[in-house]
Amino acid sequence: MQGVRYDPDDPLAAALAPPPGESAEERAARVRREEEAKRVNDEIDERLREERAAWKRRRSDFKLLLLGQSESGKSTTLKNFQLAFAPKAWQAERASWRAVIQLNLVRSINSILDVLSQEMASSPSTTSPTTSPFMRPTTSQGTNRFDPSTSTSPTDGSSTSSDPDGLQFTNTHALLKLRLVPLRRVEADLKQLIGAATDEVAPDAFGAPAQAADDANGAVLYDGSPARRRPAEFYVRSNQSWREALRSTYQGLGGAASERAAAAHESKLEDATEIIASCAVDMAALWADPVVREVLRRRRMRLELAPGFFLDDIERIATRGYEPSDQDVVRARLRTLGVQEHKLVMERSGVSALATNDVSRDWMIYDVGGSRTSRAAWFPYFDDASAILFLAPISCFDELLQEDRRVNRLEDSFLLWKAIVQSKLLANCILVLFLNKFDLLDKKIQGGVPIRKYLPSFGDRDNNAKVLAHYLHQKFRDQHREYSPQPRRPFYGYVTTAIDTKETTATLAAVRDGILRHNLRKADFV
Ligand SMILES: Nc1nc2c(ncn2[C@@H]2O[C@H](COP(=O)(O)OP(=O)(O)OP(=O)(O)O)[C@@H](O)[C@H]2O)c(=O)[nH]1
Ligand SMILES: [Mg+2]
């Protein structure tokens, strides 16, 4: 601003002052940047104002908030709601998940290639021409299946058995790396296609993990050391737009105005599908390769426990005519950013006999981003919520938060739950708790992870997933009893596996009926 005097002793003024000795062009560029930043800011403010106004307008609707830490299964539960109660709408949406599933798969492969390259670069090359048996086309079923019992051995007994510490890379690995290079572009294209209708947000926006820390047993997907840190995830900002964009491409619903854009989209999607299909055999070979498995084991990259894991399904997914199944869609991973509003219009088969009016038939469901930095965005939605479905992933009792490597994930869930049950704003909300990811918990404990080591209060109880689930259920329920401002508030707790759609449908029907029954009782009192 011209004419404004800056007091050099005032630190705020000094921070805001233009850089000394700024040229006319530099000044013009700075002003342009500032104007652009202001425009973006105003847009965000406007969007927040609109979101809040929409929330207020919906005062009379039934509003369900899905809460819980990141990767707890909120979006997966939302998909289950759609699948259970709005199956036609779900069918229409299913195809649009294909690109997300392809992206999940390609990202897993590219992250394997990254670590493979690093290892190969730092290892004295052993270019034995012996080709791996896994280079044969993997057309027969099951050749790329992961058998944990074989993954700990560097090879399947051939060249490296005499050298247990060394990794024997061969021409096969170099060749695989080379042949899979096109997947880099596919990843970029798919990201752009999925993100095209929205904004891609740099992972840094969520704050890099604060400190390296060791999870002690490697049960965490990747440990905390910078070299092994989990690759950044792909985020798209909010709402349906990406799905709408992809769906109209798949279904040719682009309309005249966007026909050309839709055609360009379609051809990019087809290119991506084509390249993925042509890389199927090499992807399967990479995933089945014993040396690669050993690299992953040493780096504690347990991809099979990570969200969006499709490496065991390459044969089925990496094809030209691939269409996602319901299972695929609930297993797909796309991180939520901000608060997403979904109107669930229960279709005939999904309507409960207890639903007496439109309000009980149409639910507004709010799916939120669960990472720590996203949580401030939850609060404006609290004052008018009808019910909260809180997800606590119990399989992560031995893991650390991605966004703060000093905090145990189960402890984070406990603290979050406590804050929610204590909240006066939520005193009249029905609380539903899902102790989720039971399947992963069972797998982990069967693999020998000692519960007591991470949860000393578990004591001498059996090292068993069911016992732990029961124990945690009691702990969460006790917190509700102890801290709830409304002692008689209903509380429903379930142990769930949200990727098991059949079981989850039954649970959600019970949840819905419990909520409706409670609402009917409340109406009787009035
Ligand atoms: N094995 C297993 N995977 C699950 C379960 N529930 C969810 N997942 C997977 O875990 C991943 C994360 O689930 P999301 O529903 O995206 O998690 P979220 O709570 O929405 O996470 P944010 O959007 O980051 O807040 C997805 O790939 C799901 O398929 C479960 O019970 N078992
Ligand atoms: Mg989500």
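Glycine residues also receive a Cβ, built from the backbone N, Cα and C atoms like all the rest.
Automated prediction, rather than curation, is the source of TrEMBL annotations.
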### Query
Ranges 1-39, 40-78, 313-351, 469-507: which does TrEMBL label region 'Disordered'?
1-39
### Message
Measuring Cα to Cα, how far is T336 (Mg(2+) binding site) from A498 (GTP binding site) in Å?
### Response
17
### Task
Go ahead and report the DSSP secondary structure tallies for the compositional bias 'Basic and acidic residues' (24-39): helix first, then strand, then coil.
16 helix, 0 strand, 0 coil
### binding-site residues close to ligand 2 - of N436, K437, F438, D439, A498, only those whose C-beta is under 6 Å away
none
### Task
Note the Cβ centroid of N436, K437, F438, D439, A498, the recorded GTP site, then list each other residue of that chain whose Cβ lies within 8 Å of it, in sequence.
G73, P393, I394, S395, L435, L440, L441, V495, T496, T497, I499, D500
### Summary
Looking at the binding-site residues T336, N436, the one with the fewest other Cβ atoms inside 10 Å is T336
#### Entry: Taking residues N436, K437, F438, D439, A498, which bind GTP in the record, the widest Cα spacing (Å, whole number)
9
